[in-house]
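So that you can see what the record holds, here are the features copied from Swiss-Prot:
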- 1-10: topological domain 'Lumenal' (TOPO_DOM)
- 11-38: transmembrane segment (TRANSMEM)
- 39-58: topological domain 'Cytoplasmic' (TOPO_DOM)
- Gln44, Asp45, Leu46, Glu56, Asn191, Arg301, His302, Arg303: UDP-N-acetyl-alpha-D-glucosamine binding site (BINDING)
- 59-78: transmembrane segment (TRANSMEM)
- 79-91: topological domain 'Lumenal' (TOPO_DOM)
- 92-118: transmembrane segment (TRANSMEM)
- 122-143: transmembrane segment (TRANSMEM)
- Lys125, Val178, Phe179, Cys180, Thr181, Asn182, Ala183, Ile184, Asn185, Ile186: dolichyl phosphate binding site (BINDING)
- 144-166: topological domain 'Lumenal' (TOPO_DOM)
- Asn146: N-linked glycosylation site (CARBOHYD)
- 167-186: transmembrane segment (TRANSMEM)
- Asn185, Asp252: Mg(2+) binding site (BINDING)
- 187-192: topological domain 'Cytoplasmic' (TOPO_DOM)
- 193-213: transmembrane segment (TRANSMEM)
- 214-218: topological domain 'Lumenal' (TOPO_DOM)
- 219-242: transmembrane segment (TRANSMEM)
- 243-250: topological domain 'Cytoplasmic' (TOPO_DOM)
- 251-269: transmembrane segment (TRANSMEM)
- 272-293: transmembrane segment (TRANSMEM)
- 294-375: topological domain 'Cytoplasmic' (TOPO_DOM)
- 376-400: transmembrane segment (TRANSMEM)
- 401-408: topological domain 'Lumenal' (TOPO_DOM)
Amino acid sequence: MWAFPELPLPLLVNLFGSLLGFVATVTLIPAFRSHFIAARLCGQDLNKLSRQQIPESQGVICGAVFLIILFCFIPFPFLNCFVEEQCKAFPHHEFVALIGALLAICCMIFLGFADDVLNLRWRHKLLLPTAASLPLLMVYFTNFGNTTIVVPKPFRWILGLHLDLGILYYVYMGLLAVFCTNAINILAGINGLEAGQSLVISASIIVFNLVELEGDYRDDHVFSLYFMIPFFFTTLGLLYHNWYPSQVFVGDTFCYFAGMTFAVVGILGHFSKTMLLFFIPQVFNFLYSLPQLLHAIPCPRHRIPRLNPKTGKLEMSYSKFKTKNLSFLGTFILKVAERLQLVTVHRGESEDGAFTECNNMTLINLLLKIFGPIHERNLTLLLLLLQILSSAVTFSIRYQLVRLFYDV
């Protein structure tokens, strides 16, 4: 049985501040509703018959509350150093890690809000987290600088027990930040999904950190909890308003904020591989979406499911294009995906010639293909259940299957 150790005072203070953050988030979002609408940061829910204007970019409120909690929390991990007799040397490396992590998250919230306001292109969406991750990588370089990994057992006869990746390790961490920020943004489009999946991931990380507090890397997991606990409660406050029927939209701001927060704790907490395992649905969704993201298959602006007004349920959305415009690679991918029952393809003739229509390649549409039309709230619940199951699989891999690859 897992036993959670007694929590240190800074974590209890962090928990108390996070509870206040939940109340603040729940209160501030409706209070600022009119301000966002007046600034035209609003839109219509495409999956509702109502054309009511709904405030967007509410992730900026959630992110602001999160930052205020942690700014106020900064002195508490170092309370012993306020009493000279209890502090032999100030832990500058811990302080730098805390400040650097906050800087990276703060930059990502700012850049995410800029994306919501300016509606940037996808190539810019890749550059933003790259820029915001630079403070994070510099903190890792100055505090740790370790780029050596333990090689899995099946490859040790070739590579040895340890392998120094050098600069490639920093490339990996930069790509991890880019992936985390965009993975949540790609798996989105229905009420409660962005905040819901982030809530499940953060809860899973909190459980993982608590289990590991009695291990050899206690300080790393305490550091992770400093961020995950306030993130969980502020996200819970956002989800309260974003749940079906949504009163607000979280915007790209929240997706970037959530992704960078996960990247920060995964990198500076030294559990990036476990972190990626918590993203199993997002990894699958990314790989499944890749043909459209790379435009091998035409990708419309919105790939969200479409509402059937008669049934009130969501159905698959489709991408329609001229068959002759599809490249050889796109044709090959589409045939393979169709053979594997991963897409539904319709072919026909129109006045403009032969056309092809296939469902948009997202995990949301794939579930609709498998289970048929589903009510939006139930579809969100199904996706969150999948996220919870993937976390259960992650814990099984981390504490059982890992023995096949590493000496634990």
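Each residue, glycine too, has its Cβ placed from N, Cα and C.
Under the criterion of 3 or more C-beta pairs below 8 Å, with sequence separation of 6 or more, the transmembrane segment (92-118) and the transmembrane segment (219-242) qualify as touching. Apart from the site residues Lys125, Val178, Phe179, Cys180, Thr181, Asn182, Ala183, Ile184, Asn185, Ile186, the chain places the Cβ of Pro129, Cys255, Tyr256, Gly259, Gln282 no farther than 8 Å from the centroid of the site's Cβ atoms, the recorded dolichyl phosphate location. The transmembrane segment (219-242) makes contact with the transmembrane segment (11-38): 3 or more of their CB pairs lie within 8 A, with pairs spaced 6 or more apart in sequence. Rounded to a whole number, the C-alpha distance linking Asp252 (Mg(2+) binding site) with Lys125 (dolichyl phosphate binding site) is 10 angstrom. Glu56 (UDP-N-acetyl-alpha-D-glucosamine binding site) sits 19 Å from Ala183 (dolichyl phosphate binding site), taking the C-alpha atoms as the reference points. Long-range Cβ contacts of the transmembrane segment (251-269) within its own chain (Cβ-Cβ under 8 Å, at least 6 residues beyond either end) map to 56-60, 62-63, 66, 97, 100-101, 104-105, 108-109, 111-113, 115-116, 125, 128-129, 132-133, 136, 139-140, 173, 176-177, 179-185, 188, 194-195, 198, 201-202, 205, 209, 220-221, 223-224, 227-228, 231, 235, 238, 275-276, 278.
Ranked by Cα separation from Asn191 (UDP-N-acetyl-alpha-D-glucosamine binding site), the binding-site residues Lys125, Thr181, Asn185 are led by Asn185. When each of 59-78, 122-143, 193-213 is checked for Cβ pairs under 8 Å to the transmembrane segment (376-400), 193-213 comes out on top. Same-chain residues lying 6+ beyond the ends of the topological domain 'Cytoplasmic' (243-250) with a Cβ under 8 Å from its Cβ atoms: 29-30, 33, 43, 45, 48, 54-59, 62, 190-192, 194-196, 376-377, 380. Each of the binding-site residues Asp45, Glu56, Asp252 was assessed for Cβ neighbours inside 10 Å, and the highest tally belongs to Asp252. Annotation for Gln44 (UDP-N-acetyl-alpha-D-glucosamine binding site): spatial neighbours Arg51, Gln52, Gln53, Ile54, criterion Cβ-Cβ under 8 Å with sequence separation of six or more.
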